[in-house]
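K.L.:
First, the structure itself, so that you have it in front of you.
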């Protein structure tokens, strides 16, 4: 779908990494976009109020309902007038489903699924950076579409694949190749990782992201989730999706075609590029991000993934082959384990070990009916996965 020349936009997760960069892109093209609503968790109330004032939005929603009074005060302080303020998860879902031309979903975690579904059902084009929507509830998400091609992927890897797929038909695709920077511990062996601290893991060599995504990038669980997302978004089986380590993070992913040609998308690492395309596709905008400087000598390297040191990708592949419920448990248990690690309650190697243990516990009960019937069923399964992860973490 071609986005209207002056599109209404709602930003979910506006104070996070995706949201702030999305607003930066929009600020450079005021003639193309009008931001009508912002939603955020509630951890950065002053920033949310400043965004509302800068973009003259009509509505702001906050997940944490207790932050509504503080947000109202911050809006007054920022000089934002006539802004409707709502609170609680239902208010964010309602905003997402209000019928904007584009909804940019930069929420972290599976709580982003219901807003994604609401946006699709309302006919909005969904610029999707919330990979958990696809990982935990892909069937529910895709069945909510009211037309074809309603989802614009915003993850840099999936945006790269999306762009590269324009070079051929689906039948001509031999494989997808997802690139990984390797994270801060590239080249480390498993034995070297026992004493990794949150502070070390939060230092990513390439990308500036939120804490959960940064930890996922260090364990390469993020890459595992991206393999799941790529398979479901582009209808390619997992055995035809490779992962290669590319430390320079210039080639963001590739598509290999049946004739031997490989098409890639290359650019210096800057999330504003895939965000901008997610907002404006199929059109491209000027003044978004820097291009590669082809006048300078450069070396791009690619190396195989060390599955022994980073078992998360293989674990994700196993879940993808098993069922949607397995991938939902993978995601929920991982979120719980990452939070425990960030709070110094779980050692670094315990993150993926905990996820695997939860999956082992729940495997038999997940195999009966592989698809969720509704979001409530998914939420209940995730709660059980989180509970089991907590039990294992508390025994550490």
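Including glycine, each Cβ sits where the backbone N, Cα and C put it.
Pulled the feature table from Swiss-Prot, pasting it below:
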- 15, 16, 17, 18, 41, 130, 132, 210: NADPH binding site (BINDING)
- 131, 156, 157, 181, 204, 217, 222, 223, 226: 1-deoxy-D-xylulose 5-phosphate binding site (BINDING)
- 155, 157, 226: Mn(2+) binding site (BINDING)
K.L.:
For residue 226 (1-deoxy-D-xylulose 5-phosphate binding site) and residue 210 (NADPH binding site), determine the Cα separation and express it in whole Å.
P.N.:
16
K.L.:
10 Å Cβ neighbour count around residue 15 (NADPH binding site)?
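P.N.:
The answer is 23 other Cβ atoms.
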K.L.:
For the Mn(2+) site given as 155, 157, 226, which other residues of the same chain have their Cβ within 8 Å of the site's Cβ centre?
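P.N.:
The answer, listed by sequence position, is 131, 153, 156, 158, 159, 161, 178, 222, 223, 225, 229, 230, 253.
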K.L.:
Looking only at C-alpha atoms, tell me how far residue 222 (1-deoxy-D-xylulose 5-phosphate binding site) is from residue 132 (NADPH binding site), rounded to the nearest Å.
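P.N.:
Each residue's Cα considered, residue 222 (1-deoxy-D-xylulose 5-phosphate binding site) and residue 132 (NADPH binding site) end up 10 Å apart.
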K.L.:
Least buried of the binding-site residues 16, 41, 210, going by other Cβ atoms within 10 Å?
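P.N.:
Looking at the binding-site residues 16, 41, 210, the Cβ with the fewest others within 10 Å is that of 210.
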K.L.:
Would you work out the biggest C-alpha to C-alpha distance among 15, 16, 17, 18, 41, 130, 132, 210, the residues that bind NADPH according to the record, and give it in angstrom as a whole number?
P.N.:
18
K.L.:
Please give me the CB contact count at 10 A for residue 130 (NADPH binding site), counting all chains in the structure.
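P.N.:
I count 29 other Cβ atoms within 10 Å of it.
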K.L.:
1-deoxy-D-xylulose 5-phosphate site residues 131, 156, 157, 181, 204, 217, 222, 223, 226: biggest Cα-Cα distance, Å?
P.N.:
19
K.L.:
Radius 10 Å, atoms counted are CB only; among the binding-site residues 131, 204, which position scores highest?
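P.N.:
Counting Cβ neighbours within 10 Å, the top one is 131.
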K.L.:
Just how many other Cβ atoms lie inside 10 Å of the Cβ on residue 18 (NADPH binding site)?
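P.N.:
Residue 18 (NADPH binding site) is surrounded by 29 other Cβ atoms within 10 Å.
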K.L.:
Got a sec? Which of these binding-site residues, 17, 222, has the most Cβ atoms within 10 Å?
P.N.:
222
K.L.:
Taking only the Cα atoms, work out how far residue 132 (NADPH binding site) lies from residue 157 (1-deoxy-D-xylulose 5-phosphate binding site), in Å, as a whole number.
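P.N.:
Residue 157 (1-deoxy-D-xylulose 5-phosphate binding site) has its Cα 15 Å from the Cα of residue 132 (NADPH binding site).
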